[in-house]
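Report on the structure given below.
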Amino acid sequence: MSLGQRLARLAAHLQDPRKVAAFQRLCGVEGPSGWAGEEQRGPVANGGPAGGQAHPAGNGAVPGAAATPRRWRRRPRRNSLTEEEDGSQEFATRSRFLYYLFSLGTELGNELFYILFFPFCIWNVDAWLGRRLIIIWVWVMYLGQCTKDVIRWPRPASPPVVKLEVFYNSEYSMPSTHAMSGTAIPLALLLLSYGRWQYPFMFGLILAFCWCSLVCCSRIYMGMHSILDVIAGFLYAILILAVFHPVVDLIDNFNLTYKYSPLIIISLHLALGIFSFTLDTWSTSRGDTAQILGCGAGVACGSHLNHILGLQLDPPPHTLPLSLSSLTVTVFGKAILRLLIGVIVLLLTKVAMKKATIPLACQIFRVPHDDVRRARQRMEVELPYRYITYGMVGFSLMFVVPCLFHFIGLS
């Protein structure tokens, strides 16, 4: 057997949805009560006895055991664009701890995490570091989303896989962009901060490993990706990071100092968004891509305006390397207050821009807006709505909110 055949066989093995189902059962996840038959109980799927004989006490029960483990029934997690019929069946899990642990892991690749992590880093930790993380994050996520729409591999089959969430069920599967962001962000954080901040390298390495592992395993647990999707996302992120990390300083300096950088960045990101919308039919991937590009453009424009006006967010050079030893109760309290006030401003900006851009786009392009969910699935609405809304969120993150902090004495 040639090397190519061996690799193809290995890839098929890692893409097998039964491996995902086996991991889920190992973690105590069970399918809807109506599921039965070989796909749930067959010898390959769960290692049970030949002929698909079911265990009367439940999957994984020990014959003769005194009691059946308690099951905790849940419905899949969904968002506002998820169709009601997609993955609407209940599932059961025996471990609430693992469910909440892997839910936390999957949230490390969702909008809620980004709208807390990046602002906290920029406003309270190191704006220099935050800008560079966002640059890398934008390119990692954009290339990952576009690659999905080019390869067009479906999500793992259900059954045998149990879908614990359906946030992104309309997207393609290969590669896992959660795995990509969960790899790129902690590794970039380590590469960019070590030497600039004083901490043991082993601490940063362990943190990056745990972060990456939690996110990657969570996508298999949730039933959204095969093992191959996650491995490919991990390796793809490392490749992109290897390309962009050496030039991230150059990109950031260009954003700050070049006279026409806002015009170039806005045009480039808009063109990339239009290109990504032509790759396939509607899915949440298209909106997320426009959202990421808009945020990146807004951050770049806000950074440029800060530089022009002399609003210095970066720590002074003479304070380097930075240390956590100066952390006090007062400093911590101000950091939490900045995060609370700033995130409220960002959320208000998002809501206001959403309410303004969707009806305006529908009116300009003559799209019926009686059903907002259907209207948002049109490129003429989704691209400008996401791009402008999150562009303003990114601009507020870098310019409006720091100006507010300076005005009220929270700088």
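Going from the start of the chain as shown, residues are counted 1 onward.
Glycine residues also receive a Cβ, built from the backbone N, Cα and C atoms like all the rest.
The feature region 'Disordered' is assigned by TrEMBL to 34-87.
Per TrEMBL, compositional bias 'Low complexity' is recorded for 52-69.
Taken from TrEMBL, the feature domain 'Phosphatidic acid phosphatase type 2/haloperoxidase' applies to 131-245. Within the model, the domain 'Phosphatidic acid phosphatase type 2/haloperoxidase' (131-245) carries an average pLDDT of 89.
Counting residues 6+ beyond its ends, the transmembrane segment (201-221) has Cβ neighbours under 8 Å at 20, 23-24, 27, 29, 98, 101-106, 108-109, 164, 176, 178-179, 181-183, 185-187, 189-190, 193-194, 227, 229-230, 233-234 in the same chain. Positions annotated as transmembrane segment by TrEMBL: 201-221 (among others).
Tertiary proximity for the transmembrane segment (228-248) is limited to same-chain residues at least six positions away from its ends with a CB under 8 Å from its CB atoms, namely 11, 14-15, 132, 135-136, 139-140, 143-144, 147, 153, 173-181, 183-184, 187-188, 191-192, 212, 216, 219-220. The transmembrane segment annotation in TrEMBL covers 228-248 (among others).
Annotated transmembrane segment per TrEMBL: 260-279 (among others), in sequence order.
Marked as transmembrane segment by TrEMBL: 291-309 (among others). Remote same-chain residues near the transmembrane segment (291-309) are listed as 111, 131, 134-135, 137-138, 141-142, 145, 252, 255-257, 261-262, 265-266, 269-270, 272-273, 386-400, 402 (criterion: CB distance under 8 Å, separation of at least six residues from the stretch ends).
As annotated by TrEMBL, transmembrane segment applies to 329-348 (among others).
Sequence annotations record features per position, and here TrEMBL assigns transmembrane segment to 387-408 (among others).
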If we skip the immediate neighbours and take only residues 6+ beyond the ends of the transmembrane segment (387-408), which ones have a Cβ under 8 Å from one of its Cβ atoms? 115, 118-119, 122-123, 131, 134, 266, 269-270, 273, 290-303, 305-306, 311, 313, 338, 341-342, 345-346, 349-350, 353-354, 357
Secondary structure composition of the domain 'Phosphatidic acid phosphatase type 2/haloperoxidase' (131-245) [DSSP: H/G/I, E/B, coil]: 78 helix, 3 strand, 34 coil
Chain residues in Cβ proximity to the transmembrane segment (329-348) (below 8 Å; excluding those fewer than six residues from its ends, i.e. six or more beyond): 115-116, 119-120, 123-124, 393, 396-397, 400-401, 404-405, 410
